[in-house]
Each structure stands twice: as structure tokens, then as C-alpha cells.
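Record features, source TrEMBL:
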{"type": "ACT_SITE", "residues": "K10", "note": "active site"}
{"type": "ACT_SITE", "residues": "D141", "note": "active site"}
{"type": "BINDING", "residues": "P99, V100, A101, G102, G103, M104, A105, G106, G107, S108, A109", "note": "ATP binding site"}
{"type": "DOMAIN", "residues": "70-149", "note": "domain 'GHMP kinase N-terminal'"}
{"type": "DOMAIN", "residues": "215-290", "note": "domain 'GHMP kinase C-terminal'"}
Amino acid sequence: MSVTVRVPAKVNVQLGVGGLRADGFHDLANVFFAVALGDEVTATAGEPGTGVILGCTGPDAGAVPLDDSNLAARAARLLAARHGLAEPDVRLDIAKAIPVAGGMAGGSADGAAALVACDALWGLGTPTGVLLELAAELGSDVPFALVGGVALGRGRGEILEPLPVAGTHHWVFAVADGGLSTPAVFRECDRLREEAGTGSSDTEVPTPDADPALLAALADGDTVALAAALANDLQPAALSLRPALADTLRAGTEAGALGALVSGSGPTCAFLAKDAAAAEAVAAALRASGSCRTAHATHGPVPGAAVVVEA
Ligand code: C5P
């Protein structure tokens, strides 16, 4: 028996970053937006004693860790433990389309998908509230991958409030060569703040809040207003660590994108386009520009992790 779950990637249309907390995290005003570019995770019952086995397919499969650091494996074990079950025997096959270490929460998405897939495979019927709790334990971005749509994440990003939205927006994602480490980008953000003399701790940096103009643009389904309100406090840090991303952002803007920003901690760059045809044109121009490894046109918002096949 096996269960396949489809799960979206995210882009942060606003990423407001507060100061460094005593626990090593930063308080965020994080407006998550789920896009159709996504992974699929298939959970298959394993033979007794085989434990958790991971597999991965897709062009970037080689960059996905297939050890116990993988959030899909950790999710399967965490769910089993929560139900008092022994080490599970399950095979988790990840069909990887989300850029790896790209700032689009691909690893977090696989963790969320594994929770949903194993819950269905083992017939546990875990309440949504418990799945969200386990997701937050796995990582700051994992709860959003369960919920999908558009949501404001507070705290370290795990306290979610779904946001009212209208319409569909068309996006392009420019995938860089190699990833960026999320902790390294947060550290660089702190370093740049220290260098600028503003201080970097949570007593020195004001707690961020969602931008009312951005929330109105989302509620109205107004792509032009959304493009004008895109904001990412981690962008200066990502550009500092990877200066070539400025060329990628420029190439997409010159190709007609309405707005551009680094996705989360990067290095993937995100572009808003006026419609599906414009998104395809921006993606083609980015691929031809030589400023990124590849580019994908997609759309959103889309729902969170959901079962697509049970066999
Ligand atoms: O929660 P997650 O495991 O995804 O976080 C990875 C790292 O990113 C954290 O250890 C921390 O360095 C950084 N982070 C942060 N503030 C957040 C979320 C993540 O500093 N709100």
C-alpha cells in the first residue's frame, strides 16, 4: 500500500525580520505564499525491520540529503513516536521539483508531505492541530506547507494566520547554481545591522509587522500593487553573500517582470508577472540571460500538502 502527497513551495511576499532572540531565532512578520511549483512524496509500507528508507528523483536529486537530517525521515519518526509506535518501516520517495536549499522551503515541504502521507498510510487520523504542532517541531516553515494558500507567520514563522486573498498571480523563479544556508543568511543580516550601527538583538530591532498595503493588494488580487509591496529584510544579506543575484534580479526586471525579490533566504529569485504569457516570456529571458541555472513559470496561491493518490 502507498500514499502520494503533493506539497507546494513557498515564496515570502513580505519577510520582516526582527532582532535575534535568546533562543537563536528571529521574530518574523512572514507573509507566506504557496505556489504550484511543488514536490510529491510517496510513502510505501516497508518490510518489517527495514526502518525508514529515503529515495529521491528529479534533476537536483543528487543535492538532497538521504540521511536522518532529511525532514521527511524526521517527520515519519516524529509522527510514529507521537502515537507511541515503534521505529516505523516505511519507504519515502521524494519527486523533487522545488529548488534545493533555495529559499523556497523545499525541505520543509517534504517534511509536511511525509507527515500527511504517513498519517494516511498508517490510518492514524491525526487531528490537524496535532499535525501543526509536530510540523512546528520539525522547523519554522513546515506548518505553512501543511496549510498552503497565503498566511501571515509570526513568532519564528510557525504561528500562522490565514490571509484573505483573491485571484491568481503568475510567478517566475530563477534557480541559482548551489544553495544558501538559512542560518548563514540570518547571521549575515545580523552582521549587516551591527555594521550599520542599528544593533541586531530583539531589544534593539523593532518587532516587524505585516504591511497594510501588501495585505490590501492580496485581498484585492491586485498584482501591480502586490509587486510594488514585495519586501524581504533578508535580501541585503543574501546579496551580500551572493552579489551575482543582483544581475538575476535585474535580468528579470528588464524582461518585463512587475516586481522582483530574493525568495526567503535565497538564492532563488522570484518575479511577479502580469499574466501567464508574461511569466513564460520572463522565464525564457532569464534562461537566455545566463544569470541563473534555470527558470520556472508557475502560479499561486495553491493549497497545502494533500493526498493525490492512494494505492
Ligand atoms: O526553523 P528552522 O530549522 O527552519 O530554522 C533554521 C535556522 O534558521 C535556525 O536555526 C536559525 O538560525 C534561522 N532562523 C532564524 N529565525 C527564524 C527562522 C529560522 O534565525 N525565524
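Placement of Cβ uses the backbone N, Cα and C atoms for every residue, glycine included.
Any TrEMBL annotation is an automated prediction that lacks curation.
When Cβ atoms from all protein chains are considered, those within 10 Å of A101 (ATP binding site) total 21, not counting its own. Annotated ATP site P99, V100, A101, G102, G103, M104, A105, G106, G107, S108, A109; additional same-chain residues within 8 Å of its Cβ mean position, judged by their own Cβ, are A9, I98, G179, T268. Every protein chain considered, the tally of other Cβ atoms within 10 Å of the Cβ of D141 (active site) stands at 28.
In this structure, A109 (ATP binding site) is part of a helix by DSSP.
Look at the Cβ of each of the binding-site residues P99, G103, G107 and count the other Cβ atoms within 10 Å; the largest number goes with G103. The binding-site residues A105, A109 differ in how many other CB atoms lie within 10 Å of their CB, and the one with the most is A109. Counting only the Cα atoms, the space from G107 (ATP binding site) to D141 (active site) is about 9 angstrom.
Within 10 Å of the C-beta atom of K10 (active site) sit 32 other C-beta atoms, taking all shown protein chains into account.
In terms of C-alpha distance, the listed recorded positions A101, A105, A109, D141 place A105 closest to K10 (active site).
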